[in-house]
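Straight from TrEMBL, the features:
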type	residues	note
TRANSMEM	6-22	transmembrane segment
TRANSMEM	42-62	transmembrane segment
TRANSMEM	74-96	transmembrane segment
TRANSMEM	129-150	transmembrane segment
TRANSMEM	170-189	transmembrane segment
TRANSMEM	201-220	transmembrane segment
TRANSMEM	291-312	transmembrane segment
TRANSMEM	324-343	transmembrane segment
TRANSMEM	355-375	transmembrane segment
TRANSMEM	396-412	transmembrane segment
TRANSMEM	418-435	transmembrane segment
Amino acid sequence: MDIFYYLVFGVMAAVVAALELSKSNKDRINTSSSFNSFKNNYLVVFSIMMAGDWLQGPYVYYLYSTYGFGKGDIGQLFIAGFGSSMLFGTIVGSLADKQGRKRACVTYCIVYILSCITKHSPQYRVLMVGRILGGIATSLLFSAFESWLIAEHNKRNFEQQWLSLTFSKAVFLGNGLVAILSGLFGNLLVDTFSFGPVAPFDAAACFLAIGMAIILTTWSENFGDPSDSKDLLTQFKVAAIAIASVYDDFSDEKIALLGAIQSLFEASMYTFVFLWTPALSPNDEEIPHGFVFATFMLASMLGSSLAARLMARSSLRVENYMQIVFLVSAASLLLPITTSILVTPSKVKDEGLSLTSSIQLLGFCVFEACVGIFWPSIMKMRSQYIPEEARSTIMNFFRVPLNIFVCIVLYNVDAFPITIMFGMCSIFLFVASILQRRLMVISEKPKAEDWSPMKERNSEVDPLNL
């Protein structure tokens, strides 16, 4: 393996370690012992849940290919997963708000375990059912757990600033360290012990079962709006009004802006997942995918560590620094276009990592660091602007345009040059920075009304709310 990979990985690991070890009192938030116990319980559960997800990721495509399916069939399976998340996500999110977030988290474990079980079958229809179940589970993973955390945090009357600490640690562990360890463990099961490509899915099911047991024994239930007067359709309407009421007296455009920003960034992020391999190996060069993935996760950990420092400063608002993060991420994804213009692309298969690929690898690490900053920061903004009554529903509404875009990209992944795709992602991120600027400006204005008047108005005008 090219020494450049080791160099980048080593430097990244050293920077992350230095950031964590050099934290001063100014970078830390003083908390209570009861909060630390609550935070640690959530971090253990969330890390186990993410381990169940990360173990599967690197082996989904590989497993399908070992069953003899071609690129087209596998693409349809992936589209089914994202389509399922889009169609059923808002429904399960609304049920989580109404029936309870703890129940929704347990449902996530059960549904994802069932999805893992389907991977034992080589039948296409069974695998399709598994992808649909996986899409539903993904919607719950990225809404129910965060909704439960915020509601429980507020119910226990912990300080709001402490919430950012939980968010940053969750990203550092769940999207960083756990991802790296899961990749290594999966590689151990498949390559070292030769248990086959289905082994990571069995391991994921075991982790999910352990996490479910902890949830059942240690978590209390909380709700968005448990009133019996609101059915599923009304819950959708409440969420839609919250997002769309840009010019309403009782609302503002913060929620709509936040949803647009999240969709634009995540659409670019998921598209990047499909693009980085052909970008680094344009002539089908051999690259260490697992090692590159681990490097990206280290970069994400670096970003979450930086986010923790930024959010620990009460004088610095998330809305301010995220503009810069979006601009930097946009610039980093412009590198494939820039290098293709400045350096004539080679048509010959290189033995090692080319200069162009080396520059792009560094740029991609910068983008992943921005991803690490994005997650805890967007969680913090969601906790501030999304109303508790329909939190899970609104969060899954945010994922609808994202899933539509990813399905379109998957369906047309070979239709456009890779530079066009990167350019499109860069434009999305630039637009996100503009919207973030707008969000910063309007968030500095005093809020005239809170969410409760909107609830009262909805009850008055909605015939379903009796």
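Cβ coordinates are placed from backbone N, Cα and C, and glycine is handled just like the others.
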Inset, instruction - Spell out yes or no: are there three or more C-beta pairs under 8 angstroms between the transmembrane segment (201-220) and the transmembrane segment (418-435), with each pair 6 or more apart in sequence? - result: no
Inset, instruction - For the transmembrane segment (418-435), name the stretch out of 74-96, 291-312, 324-343, 355-375, 396-412 with the most CB-CB pairs under 8 Å. - result: 324-343
Inset, instruction - Residue list, the transmembrane segment (396-412) vs rest of chain: Cβ under 8 Å, 6 or more residues beyond ends. - result: 75, 78-79, 82-83, 85-86, 89-90, 92-94, 139, 142-143, 239-240, 243, 258-259, 262-263, 266-267, 270-271, 274, 421
Legend entry - Listed stretch, out of 6-22, 291-312, 324-343, that has the most CB pairs under 8 angstroms to the transmembrane segment (355-375): 291-312
Legend entry - Long-range neighbours of the transmembrane segment (291-312), counting only residues six or more past its ends (CB under 8 A): 1, 5, 8-9, 12-13, 15-16, 19-20, 23, 26-29, 58, 161, 164-165, 167-169, 171-172, 175-177, 179-180, 183-184, 276, 280, 318, 321, 361, 364-366, 368-377, 380
Inset, instruction - With the transmembrane segment (129-150) as the reference, find which of 6-22, 42-62, 74-96, 170-189, 324-343 contributes the most Cβ pairs under 8 Å. - result: 74-96
